[in-house]
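Quick look at what Swiss-Prot annotates:
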- Arg227: active site (ACT_SITE)
- Arg146, Asp340, Gly353: FAD binding site (BINDING)
Amino acid sequence: MGSITESQEPLRFFATGDKHESASSARPPTYVQVLIVGAGFAGLMAALECWRKGHDVVGIVERNQGPNYSGDLIIIQPSALEIMKHWPQMRRELEEDKVTVGTYYYRHNGELVDGPAHPNYNAPEYVAEREARPGGFPYVGAVQIRKKFYRMLLRQVARLGFRVDYGQRVESYFEDDSAGVAGVRMTDGSIRKAHVVVAADGFRSRSELLIADEYLPTQSSGMSVYRTAFPAKLALADEAVRQRWGGKHTYEFWMGSGMHIGLYLSPELAAFGITPRDHLLAKDKVARESWDPDVSPDEVIDVLRRAKVPGDSIIHWPLRWRNLRREWVSPGGRVVQIGDAAHSTVPSSAAGGTLALEDAITLATSLQIASSPAAASGPGAGAGAGVPLGTRVYNLLRYERASCTQKMAFVNAQVLGDTTDWDAVRADPSKVRVRYPKWFFRHDPEGYVYEKYGQAFAHLVSGAEFHNTNIPPGHQFVHWTLEGIHREMAAGKKVEDLLDGDWT
């Protein structure tokens, strides 16, 4: 699938593209060999963008036995969709699948608090801003169906001739500075190498042991989530569901004491996510970190009294926090983490999928610029020499942004699950809306690398001053910990009131 030992036909295809497949055109080759571990959103987008930037994707390995279609709804914000101007087929598919329904916010007693509301990134001024850019993506759906979005990425990867090697588990990561390569040892004893290995394999990636010598400890957020998606006809078989939602296309949040629920119903799909505080759970129902749909509706009934869903279709996922580590790159710079392997997020951030795609775009672009001097002399001993610089630039550009985004998760969690002053909400219903800050959704990850690479290079090489501008304007970034945030919340403080700068 693009290695130098295979036939020349796929190599020619990778280098020139195929206009009949509506694929993007690849840039001049950098001769950087890229091995990707993990075929989720981050890994697949990394494969696509690395190909487009001229890198040689020599492998995509995935531990699951096949594509993992678990999940329900995702939110991909405009900052990650800007890149679709380079991928016309995916852009068309997104346009066909977009969800335009408004969002409704209810109290647990049925009182409509707000709605139909739309994400502020679809406010007229921001839609016009994106529409004015060549190939811009004007209207962005409030949600995407995860299965459809994931299949779209898989189809585009297949169009480029790539194959995902499923059922491949990584035993360990390694790098060899003298040889200028990194690699993975698989559980079957085989070894795979490349100039750079992209760890896109999620929580507890084995890459952590190379980068930090240990796994990051986790802490309970005091919440977990029951989530599922299934054909709408199964839900509509229930009389109460038909009376309340029959024939509607709706996206709703229901807010109660110690719990909030997100609900989506369309003619084809029903989905919900129930996020209770841990004190509402039975003692023997502590969630484990697994995307296996192994929860029965009876368990959900214990929390919510009733759920009309098919058996063994629900995932119970603990919302566990991890302090964000500054380093996402191995000591030699040839193993690099993206997506959840680098920074865990929770649903209330409304940004996990967006960050994963932004990471992939940023990394591919950073490697392109870092490798351009070696690429000018063609393949050979110098190929891949710029990789360590490229991965470190990527890390520098992404860490603070990911940290600020994680903090927004606390804001949204408090808004949806801890609101008590309903008179204030009635006076200003926007107080309960999920926050989509403009500093986040107006970002252009590809353009940002081109803008900041020189400054980042000077900072890494000579210690020159460097400031990221992909975080809230006016914010003075400082490293923070989950323990500190928990103390503030336990004292009754709102995280939103503790933020400096413009987080709107």
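Heads up, the Cβ atoms here are built off N, Cα and C, so glycines get one too.
Remember, predicted model here, so these are calculated numbers, not experimental data.
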Quiz item: Near the FAD site, what residues other than Arg146, Asp340, Gly353 in the same chain have a C-beta no further than 8 Å from the centroid of the listed C-beta atoms?
Solution: Gly40, Phe41, Gly71, Ile74, Gly339, Gly352, Ala356
Self-check item: For FAD, whose listed binding residues are Arg146, Asp340, Gly353, the greatest C-alpha pairwise distance in Å
Solution: 16
Quiz item: Under 8 Å Cβ-Cβ from Arg146 (FAD binding site), six or more apart in the same chain: what's there?
Solution: Tyr69, Gly71, Asp72, Leu73, Ile74, Ala229
Self-check item: Separation of alpha carbons, Arg227 (active site) and Asp340 (FAD binding site) (Å)
Solution: 19
Quiz item: Reported as an integer number of Å, what is the Cα distance between Gly353 (FAD binding site) and the residue listed as 'active site'?
Solution: 16
Practice problem: Please work out the number of neighbouring Cβ atoms within 10 Å of the Cβ of the residue listed as 'active site', leaving out its own Cβ. | Solution: 23
